[in-house]
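Copied from TrEMBL, the annotated features are:
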- B:60-78: transmembrane segment (TRANSMEM)
- B:90-111: transmembrane segment (TRANSMEM)
- B:149-172: transmembrane segment (TRANSMEM)
- B:178-195: transmembrane segment (TRANSMEM)
- B:232-251: transmembrane segment (TRANSMEM)
- B:258-277: transmembrane segment (TRANSMEM)
- B:289-306: transmembrane segment (TRANSMEM)
- B:318-340: transmembrane segment (TRANSMEM)
- B:365-394: transmembrane segment (TRANSMEM)
- B:369-581: domain 'ABC transmembrane type-1' (DOMAIN)
- B:415-434: transmembrane segment (TRANSMEM)
- B:440-462: transmembrane segment (TRANSMEM)
- B:558-584: transmembrane segment (TRANSMEM)
Amino acid sequence: MTDSTESPDLQRRSGLTRLKEGTYGGFFAVCAAITLLTTVAIIATLLSDAVVFFSQVPITEFLTSTSWSPNPRGGGQTFGIVALVIGTLTVTITAGFVALPVGTLTAIYLSEYATPNARSILKPMLEILAGIPTVVYGYFALVYITPALKATLFPGMSTFNALSASLMVGIMTIPMVSSISEDAMSSVPDDLRQAGYGLGATKFEVSTGIVVPASISGIASSYILAVSRAIGETMIVVVAMGAQARMPAVRDGLLGIPYINPADTLLESGMTITVAMVQIAGGDLTGGTIPYDAMFALGLTLFVVTLVMNVLSDIIAERYREEY
Amino acid sequence: MATDTDTARGEGFGEVSRVRGIVFEYLSLGASVLGIFALAVLLIYVTIDAFDLANADPLWLLTYFLTLVVPFLGFCLYSARDPALTRRAVAVAGGGLVAVAAVFTAIEAFVGEVPRLNWQLTYLFVAVIPLTGYLTYMGARGRPGSVGFGLIGRLIGGTAIGLAFTVLFLVFDERLWFLAYTLGIVPALLAYAYGQLRDTPAAVTAALPVSILGVLLAVFAREALRTYPTTAFIYLWTLAIPIAAAGAVVVNGRGSRTAALTAGGVPLALAAAVGLFGRAAGLGVGGPNALVVIAVTGVPVAVYLHRVFDAGDGLTGLGLPVLLAAGALAGALVVETFGIPTPSPWVSETFLTEAPSRTASEAGLYPAIVGSVIIIAMVAVLSFVLGVATSVFLEEYTADSGVVGGLTRLLQINIANLAAIPSVVYGLLGLGLFANFLGLGFGTAVTVSLTLSLLILPITIISAQEAIRSVPDDLRRGSDAMGATRWQTTKNVVLPEAFPGILTGTILALGRAIGETAPLIMVGAATTVFSPPSSLFSKFSAMPMQIYAWANFPQAEFRYGVVAAGVITLLIILIGMNGTAILLRNRAEEGH
């Protein structure tokens, strides 16, 4: 090149080269478009059948009725999502009680206390928790956790129950909380920590008083993601929680204030939105029946809820992030 | 910041409580290991159930401990050549024995009996297995250890991949493959090689169209042609010979031509001999499947042996497979001679090769394993192509600003959201779109593979993007400065650099796909099938589906036996895949 006296025309390329470039570029663009098409296809599939469902069952009945019995063989069908929502909330809240504190403490330990060596061992091991197939967790809950709890703490527990399923969902979501929170904590600049130490703060005070508040947006977004994961969790709940949609008994407490005993839902079998979908899918799949369409209505509900939570988590992580 | 308010009441200076800090540190340490500890306990119990270790005679455990585990640990220590490590290992093994026995006896005496555990098993899981894992890691750093584990890895991996090939031909038509290979792939390879040798770019460019044309031709010829060679010959021509040739090329690249001929020729001859004449000679093994397995295992082993002998270092490591086999044989011999009662593990040959059954002792996982292998193969191809193409587009072909930039951001956000959609919803997509709308059938391999490919696509794309992003920009600039087009830069610079990272990410994502159950239920995959699928459109099952089906059985033999065996099989396959992915990543990181 250096020898040439005239400046070469760098842009000139043979027709074959240009054709090749265009073909490959086009192929890549088409593949990228498939991801967008997937979203469109999910929304279209869910909507097309959900619309049919809501033309048969009024949306107010779907959202307020407390009885769920799809009854694929016909007769006495009711489609009320409330009982399913209560089942889902039971699992999500109980799992949250496990995953959120444990995950946050893990993140603090990994980011503030652990030596590089300990971190390099602990982090991949925590990732294993998220990599175990969920049907295996469900099996663990049914076959090991429930008998263990029955033998020790709750003798009256039923074989299929919400508690052991929720505990497993909680353990599964720990790495989700810990890894995102730890990323947020690690990105807190060291100056802030040093400033804290300079003012005489202990490591505990620096961790809880400086690092955690400074990374609170990341922690919050990790919580939302973990909760959204717990809402969509299927196999653990299907295997270990059973499939009986039920409303918890409302009891009269002190001064006649009604309350719900958590044991009524936790130690009994129940049904989440995801279990309801799987139960219908286990029966009839050819389409055209109301239960089939109901499945898509439930899927749409699940999709909207998890999408809103993910977008929320994104917004929190973006907007409330402290800029350094 | 929060510190402002803290320091405002500075009168507490000098009275800092250390207790609070220490308690907090140990609390958070406890939280970090809580989940891992819980999972470890569950895995111990499922292992005990799957291998029936609760009924294992302590003498049986002792025999195999002495013949199999102790020699292996000795090998690892020999390879590590670290006297301090040896002292520590002996201390852990001996001290662990005393400590576990004492603590366990104390717990049994004062707290109560621990179900299905005795102190020998506790010692096995608490001391021996972690020690073995650690010493394996340390031993692999020494030359003999790395040679030995490399050889074992190739033997096991080659056998697994060979078996997977034979499983794939249960659904894919080997005659169509024969025609496509002969008419499409061979001419394309010849054109490519010619173009490279004679420096004619047109021939290289022609390779891709030629292969597509050949495959199309093969599809038509499959209808017209009636006579075909035998299956064994097809495997020999389309699998064994190219693999042997590839091995020979690799060895040839390292220098020696005779070694290349040996490394390719010996396994090929062995595979051909056993495959074509093994059954007739009364060897007990033979047939086309043996041919594939021997070729797929033998060639990498031969290439590896050549490399080891060439380096001339750590040759003792090659004795490791012999050591292990001899240990297992000796253990079996001792158990046989002294009549020590052996446990009857649920994970057994019949479990892996038989169809499911209503009786626990006859139940098997074979059709489900076949189903899983087929799904994984198809998902691997689909998600790899789509994932790499999409990430190349996002990283190399788009701009950061303007309309294109906005579109890229939209795609990026969309991918992040797709990754967070629950897997049941993907199941509904598969049911509504692939099964009902496109009519690909309920629970067929095609429907399931397409659904799972879309499910893991976001994960594949995100990890491939990270791998591509980690390629230094200098390399791209250098290639651009030489006048390379964007595709040439991508093909010659970016993809080769990013390939190990992309492969690791894809394998990890496949690990997710192999364990997914909910989408399979939604698209109507069968919970139980009694024979392996015969085509891509026949009803079939997968390992997690079978586990789900069995978990509903109320009998104890199923709950604590058959399902545990299924879980262990699934987890071993998962560990194998993820371990390979991590090895690949480490190897790539060492290379830089």
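For all residues, glycine too, the Cβ spot is worked out from N, Cα and C.
Automated prediction, rather than curation, is the source of TrEMBL annotations.
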Answer with yes or no whether the transmembrane segment (B:289-306) touches the transmembrane segment (B:149-172) by the criterion of at least three Cβ pairs under 8 A, sequence separation 6 or more. yes
Task: Proximity verdict for the transmembrane segment (B:318-340) and the transmembrane segment (B:60-78), three or more C-beta pairs under 8 Å - done: yes
Lying 6 or more residues past either end of the transmembrane segment (B:178-195) yet within Cβ distance under 8 Å of it, the residues of that chain are 201-208, 210-215, 217-219, 221-222, 225, 228-229, 234, 237-238
Outside the transmembrane segment (B:289-306), at least 6 residues beyond either end, the same-chain residues with a Cβ under 8 Å of its Cβ set are 150-151, 154-155, 157-159, 161-163, 165-166, 232, 235-236, 239-240, 243-244, 246-247, 250-251, 254, 256, 259, 262-264, 266-268, 270-272, 274-276, 278, 318
Sequence-distant residues near the transmembrane segment (B:558-584) by C-beta distance (under 8 Å, 6 or more away from its ends) are 43, 46-47, 49-52, 153, 157, 160, 345-348, 351-352, 360, 363, 365, 368-369, 372, 500, 503-504, 507-508, 510-511, 514-515, 543-544, 546-547, 550-551
